[in-house]
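What follows is a single structure, written as structure tokens, with notes after it.
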Amino acid sequence: MVDKFCNSTFWNFSLLDRPDADLTLCFEQTVLVWIPLCFLWLLAPWQLLHVYRSRTKKYSITKFYLAKQVLVGFLLILAAIELALALAEDSGQATIPPVKYTNPILYLSSWLLVLLIQYSRQWCRKKNSWFLSIFWILSICCSTFQFQTLIRALLQDSSSNLAYSCLFFISYGFQILILILSSFSEKSDLSSNPSCTASFLSSITFSWYDSIVLKGYKQPLTLEDVWDIDKEFETKALVSKFEVFMTKELQKARKAFQRQQQKSQQNSGAMPHGLNKNQSQSQDFLVLEETIKKKKSRTTKHFPKSWLTKALFKTFYMVLLKSFIIKLVHDISLFLNPQLLKWLIAFASDKDAYVWTGYIYVILLFVVSLIQSLCLQSYFQMCFIMGMSVRTTIMASVYKKALTLSNLSRKQYTIGETVNLMSVDAQKLMDTSNFIHLLWSTVLQIGLSIFFLWRELGPSVLAGVGVMVLLIPVNGILATKNRNIQFKNMKYKDKRLKIMNEILSGIKILKYFAWEPSFKDNVNNLRKKELKNLLLFGQLQSLIIFFLQLAPILVSVTTFSVYVLVDSNNVLDAEKAFTSITLFNILRFPLAMLPMVISSTLQASVSIERLEKYLGGVDLDTSAIRHVCNFDKAVQFSEASFTWDGDLEATIRDVNLDIMPGQLVAVVGNVGSGKSSLMSAMLGEMENVHGHITIKGTTAYVPQQSWIQNGTIKDNILFGSELNEKRYQQVLEACALLPDLEILPGGDLAEIGEKGINLSGGQKQRISLARAAYQDLDIYILDDPLSAVDAHVGKHIFNKVLGPNGLLNGKTRLLVTHSIHFLPQVDEIVVLKNGTVIEKGSYSALLAKKGVFAKNLKTFTRHSGSEGEATVNDGDEEEEEDDCGLIPSIEELPEDAISLTMKRENSLHRTMSRSSRSTSSHLKSLKNSLKTRNANALKEEEELAKGQKLIKKEFMERGKVKLSIYMKYLKAVRLYSIAFIVFFYMMNSVAFIGSNLWLSAWTRDSNTFNSTNYPASQRDMRIGVYGALGVAQAIFVVIASIWSVYGCIYASKTLHRQLLINILHAPMNFFDTTPTGRIVNRFSGDISTVDETLPQTLRSWLMCFLGIISTLVMICMATPIFAIIIIPLGIIYVSVQVFYVATSRQLKRLDSVTRSPIYSHFSETVTGLPVIRAFAHQQRFLMCNEMSIDTNQKCVFSWITSNRWLAIRLEFVGNLITFCSSLLLVIYKSTLTGDIVGFVLSNALNITQILNWLVRMTSETETNIVAVERIDEYINVKNEAPWVTDKRPPADWPSKGEIEFSNYQVRYRPELDLVLKGITCNIGSTEKIGVVGRTGAGKSSLANCLFRILESAGGQIIIDGIDIASIGLHDLRGKLTIIPQDPILFSGTLRMNLDPFNNYSDEEIWKALELAHLKSFVSGLQLGLSHEVTEAGDNLSIGQKQLLCLGRALLRKSKILVLDEATAAVDLETDQLIQTTIRNEFSHCTVITIAHRIHTIMDSNKIMVLDHGNIVEYGSPEELLEKSGPFYFMTKESGIENMNNKVL
């Protein structure tokens, strides 16, 4: 029938059975024309419908669109001409075959359809339809056959069908042009991300990403260079989609959970009362709430489960479906390779086969490989992007939940655990979703492999598969062992890092006391244990590698041996051997992956459960807080009872309280009376027991522990509001922040560290207050905002902000306070006791009443110094612990009791010098005092401010890692080790090539012998040698890997030792300008990279590299001409790699840089939740979180794409190698045999994977060697002077304790001004010297100079006739003693803290403790001197820590004692104890006291007054008081008029 349709033969086999094969013209004009057109017509309706549904707006017309429409128009014209020609011919007598006019008609309608589809694409962002691109490719491929047939026909007879042929050629050309145009992407105006507008060909090859790779190669990428992600992947879009499913699934899960609970209650006989079926549905949630409240102990175990996976599946099911289809296509096409290989071997073995069949096989092999590569990379891209979206969804959902979670649920998690949900668990889910398809894919691949192997070798396959399966448990056992070792090692690592952290936090003390060697030994001992474990780990790892190496060899040896031995008729030929080897290579991957995928899925299920518990937690119930608009009161408590925990009794009980608009109400009461809880209840932070609170208007909140965000001061105060410059300045002035802004670098644009680390307590509190004051709200809830500021500032703030004439007058203010002297100015006082209001009324009314308030007032009033201001028992719950219950009066409180956070900046005594206090309460004098304090503001602080600008950003290497770094590492491994390792790996490659050659020789036997006359001895020799070569490979690998383990551990040991020694020798200013975290990072992250990751990466790299070399050598052995092809392919490969590595490295850095802000913003939010909720800023914080996640997402997206970009190009190079080698095998067929073809191609097919892996490893190596670079940076930090020199002082030096300063000058860093400007004075033996001066006068610098913490810039210090600059630091520091300002302790025993070198006997230590008034305390401890001190001495009170430091000094008994007057942080009682002990015990020593409070040094022999680094007065206190100089004014300010009036 088809013959009639064409008027010629449809199919003719004889045309194929000849060297120049061809198809019939009829077949080409029918079947090959209809295939692409069927594809077009079948998919077009679906395509048009999709466009119609998803259309957005019509985009502008582009040149590409016009060009394509014009070209299709031309095709339309050509089809019309062809139809006209056919009809014209038909009018003649000859019968025209129907095909002549049906085809043009088909083409006419198809081209019209194409025009319509191209027109419809104007409403899409992606102008190029993927399906049109495939249609053009199909059409061109199918037309190619007709193209060559017509050319052949014309060559034979030039006049045959000339017109038709010309029309065909022109239309063929136009189609190619359209395909070329379709491969270009058309930019849309909206999107900056070209992935949305990329054409189909550009998408599958990731060519749209070229521009970024180019840019990344030329210069390091910045965040601006990375494209934003597409709208559909933005956090907001993902979360809103996910939440729809989450709400439904969670509801279902809750109902199921509740039914289950009811069942268990029925089973236990407890029926919920009065719940019939109809009610139960509506009461679902209530019952759930009840059960959760009642059974808090059980909530930890029971919660709605198994809803998260469903919700995630429903959110991402489309991606899963698409990637499933693509993966299926890939897996099936994977098994076409062995079949094609088999045909090629058969082709090479058959001398009579036509060459064209070989070419077809080669082309098919290339096309199949290409399809595999494209499918695999598209599948990876989809899955990785899905993984990224899952991570984003989880992170954003956890953040959103954190904003609404009830306090009870929140208590179950520490901040660290919540951040872990966001980082670790989200990451686990991301990793699992990347590889989720492998669960079915690995099973499919294993099944198919066994099926095809069975077809090749029959049942003997089972022997090989059996060996593989047997090796799985062996590896499993080893892996478990390894995991246990790693677990143990983590413990050692944690201990080592804990010590490192302490060393760095207390480095000042170590330097003062010359204790570095003791701590160095501590760290080294732990490191030894760690390395011993690492060695064991490495040895086991080598064993695992040995088995992995052995597996494929064992499998092929076993299978082939069994196959040959089972039946004498079985002869191993090339087809069977090499097809099987290819199949075994395919089988290796799924067998290795399956256990890993299963274990990672199990890990993810744990994470899912944790997330379900968190995301399904109970939300904050604020129903008891009623916000109303029309109400005569501002706040009304009605029978309100609230609790922090449903199981405990109420904290706030039956409060009835009315607060009128505009009132200033003070809330007072003892510690723990519920003042802060009352505030929290108003904010809805507590659980309601009964009653309610009505609030009219908006609320602002200042918490007791101020919450400061990481950002500028301005951002903290504006808190998301618009800037109103006038109000902003008013607020700054009112909150006394102007003087602080003058000191801080950058004023109000000064960056504040996390948790306000670089601010004092007072500054934080004032910023917190300014934030509230700036927002123009109705009700201000102020939880003791004056606790952390000193008296003057407190008064200033009360008058300017809170009081009757303050900024907030007219607003409703609730003020929790302990400062009694403000109470007369408030409108109403509420007295709380045990959570109930016991009295309320105005100040005078309450005094007249003579109730609890009046009594307390008498008890607590205590005058302090001249300031005549009173203070109530200070502090709330938290403060009570801080001050150990001994509360100093305001005079004693440093301006910021929290200056302890400034552990290290010795120079930065932000503690306001008491001397700069002004007695006058007049505002002007306050301003002046603030100004003078400013004028003398710490020079050092400003210097550090300059310094801080320098250290803001961590030094980040850009571009390539220098060769010297690689050399440093290799030298650390030792070069002879490297030589041996490389040698053994090379021997492994030689054995690998040998075994391949042997196998091809073995298969050649099948040509010489047939099954009957195959000699057994020959067969056994073949099996034996093949097996021996296999085992040799494994042995060489295991020797090389064990050797490399020893080498790399030696390198780790060397690098860590050098790093530790150098860090301990670094000068103090290095620690002042380098954040501890940054140094710890070198000891944690970087050292662990050098320990574990780097050696493995380098091993893999070497094996891949040698694997590629050996494959190429084998191809060249078969077809030497291939060596020429290697050169261009090598160039392509290397250039792709160079481009990629530069970009990928920078993207990885950007990823980690943009990731940490997400977590820090989250932990910041969790800490500041009450404030965020009070100001109702949840939405703003959500948006902020979304933005930071999106910023990170765009880097991750780019990084994923860069990997795909690389992989597709490398696989293309790999496919070209396969293509070229197979092509050469066909060309040189006459000189080759089947076994050679099999031997070359089975290896060439494997090369793609290895090439890909090599680049991965190169990039990994570059990433990981950065760790060595960072360690090296700190190994080369400049050291301080040597610890011990040749010149050593006498053993009893200093015997007298005479100190002589002659024109001594010092500066903090070379580029900064002098801090001490030429100090000259003599201090006699056993003299007691007091050093005073305003903040920043250089007092502490003086102490630092004695210990040579700061080296001199001129002049000298001579102690007992020896210039201190001429001896070693340890000789000097070991002979002096200091009691520093901050008592720093280390974790370890009490004994270790007093005497780390075990220099003293127990009696001496007990004697020192007795003198330090600690004997009774220590002997009362269960373990006595062996009592463990926790990190930073947190299990001792501040007073006890200070006394321990005194104990250290008493043990040393050195002749010179420096007191960096530490008593600022302790209560009066401890202060007395310390002063008395020092007077008695150190009477024979020279004592230099740096005073922060004048009265402590009034009994000194001499007083040194410093100002701006100069001595302005020096003499006895009596002399100086008569002079009326600076010292006289300081004493006057402190209320000490003369020597007799010295108050303590």
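Each Cβ is built from the backbone N, Cα and C atoms, and glycine gets one as well.
What TrEMBL annotates here:
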- 323-603: domain 'ABC transmembrane type-1' (DOMAIN)
- 635-859: domain 'ABC transporter' (DOMAIN)
- 979-1263: domain 'ABC transmembrane type-1' (DOMAIN)
- 1299-1533: domain 'ABC transporter' (DOMAIN)
- 257-279: region 'Disordered' (REGION)
- 70-88: transmembrane segment (TRANSMEM)
- 100-117: transmembrane segment (TRANSMEM)
- 129-150: transmembrane segment (TRANSMEM)
- 356-376: transmembrane segment (TRANSMEM)
- 435-454: transmembrane segment (TRANSMEM)
- 460-480: transmembrane segment (TRANSMEM)
- 534-566: transmembrane segment (TRANSMEM)
- 586-606: transmembrane segment (TRANSMEM)
- 1023-1049: transmembrane segment (TRANSMEM)
- 1098-1115: transmembrane segment (TRANSMEM)
- 1121-1142: transmembrane segment (TRANSMEM)
- 1212-1230: transmembrane segment (TRANSMEM)
When counting Cβ pairs under 8 Å to the domain 'ABC transmembrane type-1' (323-603), the leader among 635-859, 979-1263, 1299-1533: 979-1263
Selected stretch (most C-beta pairs under 8 A with the transmembrane segment (1023-1049)) from 70-88, 100-117, 129-150, 1098-1115, 1212-1230: 1098-1115
For the transmembrane segment (100-117), distant same-chain residues with Cβ under 8 A (at least six beyond the ends): 5, 29, 33-34, 37, 40-41, 44, 47-48, 69, 72-73, 75-76, 79-80, 82-83, 86-87, 89-90, 129, 132, 135
Sequence-remote partners of the transmembrane segment (70-88) [C-beta within less than 8 Å, at least six residues beyond its ends]: 96, 100-101, 103-105, 107-108, 111-112, 114-115, 118, 163-164, 167, 170-171, 174-175, 177-178, 181
Model confidence over the domain 'ABC transporter' (635-859), averaged pLDDT: 87
